[in-house]
Amino acid sequence: MNVGILGIGRYVPEKVVTNHDLEKIMDTSDEWIRTRTGIAERRIADDTIDTSYMAVEASKKALEDAGISGEDIDLILVATVTPDRAFPAVACVIQEAIGAKHAAAMDLSAACAGFMYGMITAQQFIQTGTYKNVLVVGSDKLSKIVDWNDRNTAVLFGDGAGAIVMGAVSEGKGVLSFELGADGSGGKHLYQDEYVMMNGREVFKFAVRQLGDSCLRVLDKAGLTKEDVDFLVPHQANIRIMESARERLNLPQEKMSMTIEKFGNTSASSIPIAMVEELQNGRIQDGDLIILVGFGGGLTWGAVALRWGK
């Protein structure tokens, strides 16, 4: 059975916070942020919008895009590091909101790589015949766990949610290969106590090495080469990290998603948010070979070779 994406949706808050806005509250500048990260602005949720609200809104759009109802969903998986509370899970909030009365529901935590973990967990459940339709959501309100006095982290993050419905697709479409990985010895480089703490140099070295390597490995598993790749959707963390992955695949700039300028790093939601952007712009077409790749705290990573279409 081939498993792929039947529908996709996203939600981003309306409030835009630019680099110039941040100049007013911390020792930074638009030039400093842009040259180091590629970010110009980010969306920030106000106090009335929480992780589950964003997740529900993205889920509704994904269901509409898939042409199914909540009752057709068998499992809900939510990747998040900023749940509204320890329990109930964000997935359970979604279950009630969309009327998915037949669905099991749980959250999972793999930081910014969480969406990749959720996507492959869903694919495995469907491929084994356990479930037919699985809703996978990445949703994070990182603005509530960053120290707004720390310019090294506060400038990076934005809020948002992205969702996909996964199910059976036609032969040759969907997930062709994948890789999930973790290196717990690097957990000390990116973690949260009260606020997000990051050793930027070590995370950068890890990400540059791992993103390119994992892209090449999933291509090899699928019996494909980098010449076969039509489009790259990396986790939107840092422009220099993303460029390193693109260069490893020998792709021109127009074949890589670059939404970080508008949305910043939205953690588990960054890949589906970027995919919606590229679909709307017509840069992802039916039959395209797409590489999705992400990394996050843990340290964790994941990559998927995906043939777009149903």
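Glycine too: its Cβ is placed from the backbone N, Cα and C atoms.
Residues annotated as active site in Swiss-Prot: CYS112 (among others). Taken residue by residue with DSSP, CYS112 (active site) is part of a helix.
What Swiss-Prot records for HIS235 (among others) is active site, and it gives sequence analysis as the kind of evidence. Over all protein chains present, the Cβ of HIS235 (active site) has 30 other Cβ atoms lying within 10 Å.
Here Swiss-Prot flags ASN265 (among others) as active site, drawing on sequence analysis. Long-range neighbours of ASN265 (active site) (same chain, six or more residues apart, CB within less than 8 Å of its CB): ILE39, CYS112, LEU142, LEU156, PHE157, GLY158, HIS235, GLN236, ALA237, ASN238. Classification of ASN265 (active site) by DSSP places it within a strand.
Here Swiss-Prot flags 236-240 as region 'ACP-binding', drawing on sequence analysis. Below 8 angstroms of C-beta separation, residues 36-39, 112, 156, 204, 207-208, 257-260, 263-266, 270-271, 273-274, 295 of the same chain, each at least six residues beyond the ends of the region 'ACP-binding' (236-240), sit close to that stretch.
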Legend entry - Helix, strand and coil residues within the region 'ACP-binding' (236-240) as assigned by DSSP: 2 helix, 0 strand, 3 coil
Legend entry - Within the predicted model, mean pLDDT of the region 'ACP-binding' (236-240): 94
Inset, instruction - Have a look around CYS112 (active site) and count the other CB atoms within 10 A of its CB, chains all included. - result: 33
